[in-house]
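Worksheet: the structure to be examined is printed underneath.
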Ligand SMILES: [Zn+2]
């Protein structure tokens, strides 16, 4: 069996504080890491490193778990650069442009959609992302939602059925009829390719009754629950997600004290009723608040207050929301930098949220951390410390990425 040793590591971020690490990131120095068969099999003092078939010299760079981007919309066609330019010239974001992308996506071939998914997945990988959730939601017909998920499933296990993204034009004024389609034939066609179900619960999209109906029937079909909630204004989404045991509520820009308290209470609640759809052994209690600062950046909107959530004890994740309308970035380092600069997170909190936090939001224990037994998903930085991800924004610091133990970048 071929083995690979990563050594000369400047700083190892493990996210495993109990393993003798320092702080929530479980920082370790003077260690090396051994990979076999796609798994981390050993971490220990470099001077005791076992012999290995191959070696990667980290050249004193920091090594971190690969980013876990738990919220992305990659299955689409076309772009909306002109809409972005109009917004920057003063027009407000309403979410209405989603229908533009729906039209382009329906008209696209499978290969066109596949090319976009692969291109963006590769772009994210070069920036350190080794786990990526991908949603449907630009097809909005039975056939187009199923094919979106089928294509997404070619590159990730974390696929999410988002038939309830917006009510498509042909159902204008008949949202109940569209929700019936989503809960019936569309879910049936989508479920074989999906791990999760999601709803855009927002004024102008789907209200709490619709969201509850869709999530409940999705859960019955074996899917875990996630929710777009409280992005554009206050609303019932966050508390609905917590009530139903969603793994994550995403955006969380406009929160009441009751919303924050519900999230905090979920973090300490018994996970036995969690609607995660996961197999035994990777259950984790609580609903994560996933913050998507790329969306606020790209819509010039107020950022969510991560400090308020963290101080209340809420588990926070960071993700890109990569989509052609409101956040066309695949860059987790960019999101880390925004979170530190604009959302009052410390660099350590932001790095944790972008790795271990994302894993919690997907109820995964085999990614987002580095310890023996987990998937060998990691990045090597051209910098001695994780601090540089926020300290040097916009700089391509990720030098190498291992995914399932396989180096992705040419050195
Ligand atoms: Zn989204």
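The backbone N, Cα and C atoms fix where each Cβ goes, and this holds for glycine too.
Predicted automatically and left uncurated, TrEMBL annotations should be read as such.
The DSSP secondary structure for residue 71 (Fe(3+) binding site) is coil. What TrEMBL records for 71, 73, 228, 321 is Fe(3+) binding site.
Note: residue 73 (Fe(3+) binding site) has non-local neighbours 134, 135, 137, 138, 162, 321, 322, 323, 324, i.e. same-chain residues 6+ apart with C-beta under 8 A of its own C-beta. Residues annotated as Zn(2+) binding site in TrEMBL: 71, 73, 228, 321.
Sequence-distant neighbours of residue 165 (4-imidazolone-5-propanoate binding site) (same chain, 6+ residues apart, CB-CB distance under 8 A): 98, 135, 137, 138, 140, 200, 205. Marked as 4-imidazolone-5-propanoate binding site by TrEMBL: 80, 138, 165, 231, 326.
Packing around residue 323 (N-formimidoyl-L-glutamate binding site) is summarised by its Cβ count: 27 other Cβ atoms lie within 10 angstroms of its Cβ, all protein chains included. For 138, 323, 325, the entry in TrEMBL reads N-formimidoyl-L-glutamate binding site.
Residues or ranges marked as domain 'Amidohydrolase-related' in TrEMBL: 249-383. Secondary structure of the domain 'Amidohydrolase-related' (249-383) per DSSP (helix as H, G, I; strand as E, B; remaining residues coil): 55 helix, 18 strand, 62 coil.
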Quiz item: Which of these binding-site residues (165, 231, 325, 326) have a C-beta closer than 6 Å to some atom of ligand 1?
Solution: none
Quiz item: Should residue 228 (Fe(3+) binding site) be counted as helix, strand, or coil on the basis of DSSP?
Solution: strand
Quiz item: Compared by Cα position, which of the binding-site residues 71, 80, 228, 231 is the closest one to residue 325 (N-formimidoyl-L-glutamate binding site)?
Solution: 80
Quiz item: Sorted by position, what residues of the same chain at least six away from residue 231 (4-imidazolone-5-propanoate binding site) have a C-beta under 8 A from it?
Solution: 202, 251, 253, 254, 295
Quiz item: If you draw a 10 Å sphere around the Cβ of residue 321 (Fe(3+) binding site), how many other Cβ atoms fall inside it, taking every protein chain shown into account?
Solution: 27
Quiz item: Rounded to a whole angstrom, what is the largest C-alpha distance between any two of the residues 80, 138, 165, 231, 326 that the record assigns to 4-imidazolone-5-propanoate?
Solution: 20
